[in-house]
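Pulled from Swiss-Prot:
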- 35, 36, 37, 68, 200, 223: 3-dehydroquinate binding site (BINDING)
- 131: active site, proton donor/acceptor (ACT_SITE)
- 158: active site, schiff-base intermediate with substrate (ACT_SITE)
């Protein structure tokens, strides 16, 4: 059994509204990390990013910044080089704590090595992530994805996949559990949609260390409100 932190995903269109700030405050005890999604912005806006981070600094929570590309289920309509450039700019922003870096087998490993090392040199924790919104690959492929990602030595390995049957959920949980036993990286495994909700609430049973929830509208299929998620995760830790 591992301890599971709760990340609350927010995706503001502009600066944070008073309503959202109030909602974060009300639910602060259920949150360990604020995941700030910025791929919904028309273009990367460093000034706006700094303003939003400044707003979030009133809370004593870690800040994870994520730019999710459309290839992996987000709204960021950018090509590979544009995405890598955005990551490079984010790494030079010192105000937050964690950065999400998408992993893809199509990108040369040298590019990832450079980004991960630069981020870590700047004091950022790296969440190396891979998302498949179409299906759940076979168990061996899930394990191999974790294996290839861990070679980059990030702080977190995150794998999120879409299940089509109960066996898909079980395969994701097994891959997460097996990987957790053989790596020093923190593991995250998410089986999306309602079918896979057990992966969100029982992360710790299978070696997972981070579960993503929402404060307003879910930002991914199957996301649970953070207050409910915290309660459910805690049930397994008692």
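Even glycines carry a Cβ here, placed using N, Cα and C.
Shown here: features listed in Swiss-Prot, placed on the structure.
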{"residue": "35", "record": "3-dehydroquinate binding site", "contacts (Cβ under 8 Å, 6+ apart)": "7, 8, 9, 10, 64, 65, 66, 100, 212"}
{"residue": "36", "record": "3-dehydroquinate binding site", "contacts (Cβ under 8 Å, 6+ apart)": "10, 12, 52, 53, 56, 63, 64, 65, 66, 96"}
{"residue": "37", "record": "3-dehydroquinate binding site", "contacts (Cβ under 8 Å, 6+ apart)": "9, 10, 11, 66, 67, 68, 74, 219"}
{"residue": "131", "record": "active site, proton donor/acceptor", "contacts (Cβ under 8 Å, 6+ apart)": "68, 72, 73, 102, 160, 161"}
{"residue": "158", "record": "active site, schiff-base intermediate with substrate", "contacts (Cβ under 8 Å, 6+ apart)": "100, 127, 128, 129, 130, 188, 189, 190, 210"}
{"residue": "200", "record": "3-dehydroquinate binding site", "contacts (Cβ under 8 Å, 6+ apart)": "190, 211, 212, 213, 222, 223, 224, 229"}
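Taking all protein chains in view, 21 other C-beta atoms sit within 10 angstroms of the C-beta of residue 223 (3-dehydroquinate binding site). Residue 37 (3-dehydroquinate binding site) carries a strand DSSP state (E or B). Just so you know, the Cβ of residue 68 (3-dehydroquinate binding site) picks up 22 other Cβ atoms within 10 Å once every protein chain is counted. Look at residue 223 (3-dehydroquinate binding site): DSSP puts it in coil. Following the DSSP three-state reduction, the secondary structure of residue 131 (active site, proton donor/acceptor) is strand. For the 3-dehydroquinate site listed in the record, the two most distant Cα atoms among 35, 36, 37, 68, 200, 223 lie 20 Å apart.
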